[in-house]
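*Asks:* Straight out of Swiss-Prot:
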| type | residues | note |
| --- | --- | --- |
| TOPO_DOM | 1-19 | topological domain 'Cytoplasmic' |
| TRANSMEM | 20-43 | transmembrane segment |
| CARBOHYD | 51 | N-linked glycosylation site |
| CARBOHYD | 76 | N-linked glycosylation site |
| CARBOHYD | 121 | N-linked glycosylation site |
| CARBOHYD | 140 | N-linked glycosylation site |
| CARBOHYD | 153 | N-linked glycosylation site |
| CARBOHYD | 195 | N-linked glycosylation site |
| BINDING | 210, 257, 424, 517, 518, 519, 534, 535, 536, 552, 553, 699, 700 | substrate binding site |
| BINDING | 269, 272, 433, 436 | Ca(2+) binding site |
| REGION | 274-587 | region 'NAALADase' |
| CARBOHYD | 336 | N-linked glycosylation site |
| BINDING | 377, 387, 453 | Zn(2+) 1 binding site |
| BINDING | 387, 425, 553 | Zn(2+) 2 binding site |
| ACT_SITE | 424 | active site, nucleophile |
| CARBOHYD | 459 | N-linked glycosylation site |
| CARBOHYD | 476 | N-linked glycosylation site |
| ACT_SITE | 628 | active site, charge relay system |
| CARBOHYD | 638 | N-linked glycosylation site |
| ACT_SITE | 666 | active site, charge relay system |
| ACT_SITE | 689 | active site, charge relay system |
């Protein structure tokens, strides 16, 4: 109960006042003394920081990274499956925790959450069948992939399935929908007048995220989706199938989740951590779950379905794959097969299951309340030779190198957090739940997040996706690293990267792509506004048109795949470790944060020009509805001028003054945060970055000014054009306001 001050107490209180005033004066004097002491200590610490982070420490860190260690770690991580929510993956978490402690981190903890996961039914397998007019099954798809050599006796290999597919046994005519993209369904419905309602559709993997394919099929009225990997997309010419090469065998199948979470995290606890006391929605109210059964198959089985297709011919060559079938669209089978139907048998279950992140801490010596995070996931669909363990092995070696320096008496200026995420494959759940639980700390203290999923998807050149704030950091770092590429001996990584993957916009510079989603940086960048980036080695996208790498998410993604075909010397893994680790080192140790806001100004102008050109495909409507981009271009101009002035001040200020140093660094750190709209994008409240978001039509791809882009998309087909163009105007306003507000955060503090 509160103790109230009564009238009879007032005299006593008055009598005590002089003594309290004296005490207050003493406290105030002591406070000034303490402030002076801390100011002096901070100056001393700041000066000492220049001594604990000389350039030779960066060299020592990079020199400590060893390819043979990464190779050893990868082998260790890939001998058994590590499916999220399983005992095997929990044991791997404990192993990593123990080893990170041995490496020398200050603390390593397990952070657990209880999230919704999905598994096949062990006694009722999933499959697709063709049935005759009597309902008898005359063809069934395979129940599992033939195991790769050497793995025949490995247990607990999850059979191919589409995670979070609802149960169901729909049957009906089949319709071939190409990649099941938005434009593919437009072609079917608007041009070919083919109705997918009540049909089962078959789509090939590639081009867009599988969850977008399923969403598009649902919107078209389909009652089931079959996914398959066409050789045109997953079989490179001139290369043999595994185990004799790195191509996908006919019985190989890509697993994956089919959610449409849009950044929500655990479907039952959107926006909040899935801890012990969490409120959980019922399954009917869960976020992002598909409503129709979905199942993946290999191209041998797909051929059995597609070879019987009747109906319309494919509209053009872009609808034809590499199977020896006509690629007819349907609906239904042809000729003597016209009475046959396709039936799905899906019995998977969704279960709330405990997952475990591993969080390691290396405390900063000067700014321990500023966090630089390196994170990558640990869970895999099967062995995870590339995804994710090629990344997990690199993180392990980076931690070991940092730990070695720490044992020699070194510490970073800022705190470094290392994360081994769980359940990434089930919708980025481990990283999202941890970020939700720590969102208040991260919003105040998060400097940067570097993602460390697969280290390779090819062996041709470097690939980087990051915020514009990191462009200069990446350029400067790669100029100091040696290229591992043949023909570039003695050259820098920057030189080989620029030669092999030149920027389409900026002459003499390498290509850097926008951040989309499909990986654990999503919550940090798209929701919290923490500057983020990722790097890996990739293929030649100009000549190798197939999707990603052929054995993605199949049982054949083994250690041997990497060691025999992709990186026998592990030199590309080492280079990726140097890039990822070097970025973390610079972000954690630079006196002034290595962010350049001028690069943001450049891309903002480019993005504004691009979205304006898209809008000008509708000049009459722009005029009719008085749509103007003047406010956005004005805001970009102001941002450019203020960013330039800020950069000038950044060169001239007294770096020995810890208060001014902290203030300037905070302006850099919080700039990314300034692009966050707390209300989020329309119908996607957890995507809050106004400049970048995953495409609404392909989660993997990034879109600039996404609010405006989505408002303009297919606007000519909107029922109410006045309302549609009103939304365009609103999104221009939101973008202009946000850019202007972000610019003001860089203004000189009064």
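For all residues, glycine too, the Cβ spot is worked out from N, Cα and C.
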*Asks:* For the recorded positions 459, 628, 638, which one has the sparsest Cβ surroundings, going by other Cβ atoms within 10 Å?
*Replies:* 628
*Asks:* Compare the C-alpha of residue 153 (N-linked glycosylation site) with the C-alpha of each of the binding-site residues 425, 453, 534, 553, 700, and give the closest one.
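*Replies:* So, of the listed binding-site residues, the one sitting closest to residue 153 (N-linked glycosylation site) is 553.
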*Asks:* Can you tell which of the recorded positions 272, 377, 459, 628, 638 lies nearest to residue 534 (substrate binding site) in space, using Cα positions?
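*Replies:* Comparing Cα positions, the candidate nearest residue 534 (substrate binding site) turns out to be 377.
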*Asks:* Can you tell me which recorded positions out of 195, 336, 433, 553, 666 are within 10 A of residue 387 (Zn(2+) 1 binding site) by Cα, answering none if there aren't any?
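*Replies:* Near residue 387 (Zn(2+) 1 binding site) by Cα: 553.
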*Asks:* What subset of the recorded positions 377, 425, 436, 638, 666 lies within 10 angstroms of residue 536 (substrate binding site) at the C-alpha level?
*Replies:* none
*Asks:* Quick check: which same-chain residues outside 377, 387, 453 lie with their CB within 8 A of the centre of the Zn(2+) 1 site CB atoms?
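*Replies:* For the Zn(2+) 1 site the neighbour list reads 376, 380, 384, 388, 391, 392, 424, 425, 454, 519, 520.
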*Asks:* Quick one: of the recorded positions 436, 476, 628, 666, which has its CA closest to the CA of residue 553 (substrate binding site)?
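*Replies:* For residue 553 (substrate binding site), the spatially nearest of the recorded positions is 436.
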*Asks:* Should residue 269 (Ca(2+) binding site) be counted as helix, strand, or coil on the basis of DSSP?
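*Replies:* For residue 269 (Ca(2+) binding site) - judged by DSSP and reduced to three states - the answer is coil.
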*Asks:* What's the CA to CA span in angstrom from residue 121 (N-linked glycosylation site) over to residue 425 (Zn(2+) 2 binding site)?
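*Replies:* Spelling it out, the Cα of residue 121 (N-linked glycosylation site) and the Cα of residue 425 (Zn(2+) 2 binding site) are 19 Å apart.
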*Asks:* Looking only at the topological domain 'Cytoplasmic' (1-19), report the model's average pLDDT.
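*Replies:* Averaging the confidence scores along the topological domain 'Cytoplasmic' (1-19) gives 33.
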*Asks:* For Ca(2+), what surrounds 269, 272, 433, 436 with a Cβ no more than 8 Å from their Cβ centroid?
*Replies:* 113, 265, 266, 270, 271, 273, 274, 275, 278, 432, 437
*Asks:* Given the recorded Zn(2+) 2 site (387, 425, 553), which additional residues of the same chain have their Cβ within 8 Å of the Cβ centre, ordered by sequence?
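*Replies:* The answer, listed by sequence position, is 255, 256, 380, 381, 384, 388, 552, 557.
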*Asks:* Which residues of the same chain, at least 6 positions away in sequence, have a Cβ lying under 8 Å from the Cβ of residue 689 (active site, charge relay system)?
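*Replies:* Listed in sequence order, they are 525, 526, 527, 529, 675, 676, 677.
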*Asks:* Please report the number of other Cβ atoms within 10 Å of the Cβ of residue 210 (substrate binding site).
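*Replies:* Residue 210 (substrate binding site): 26 neighbouring Cβ atoms within 10 Å.
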*Asks:* Can you tell me the CA-to-CA distance separating residue 453 (Zn(2+) 1 binding site) and residue 638 (N-linked glycosylation site), as a whole number of Å?
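*Replies:* So the alpha carbons of residue 453 (Zn(2+) 1 binding site) and residue 638 (N-linked glycosylation site) sit roughly 37 Å from each other.
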*Asks:* What is the interatomic distance between the Cα atoms of residue 518 (substrate binding site) and residue 425 (Zn(2+) 2 binding site), given in whole Å?
*Replies:* 9
*Asks:* Enumerate same-chain residues with a sequence separation of six or more from residue 272 (Ca(2+) binding site) and a Cβ-Cβ distance below 8 A; give 'none' if the list is empty.
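*Replies:* The list for residue 272 (Ca(2+) binding site) reads 278, 279, 436, given in order along the sequence.
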*Asks:* Take the Cβ of residue 425 (Zn(2+) 2 binding site) and count every other Cβ within 10 Å, whichever protein chain it belongs to.
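*Replies:* I get 23 for this one.
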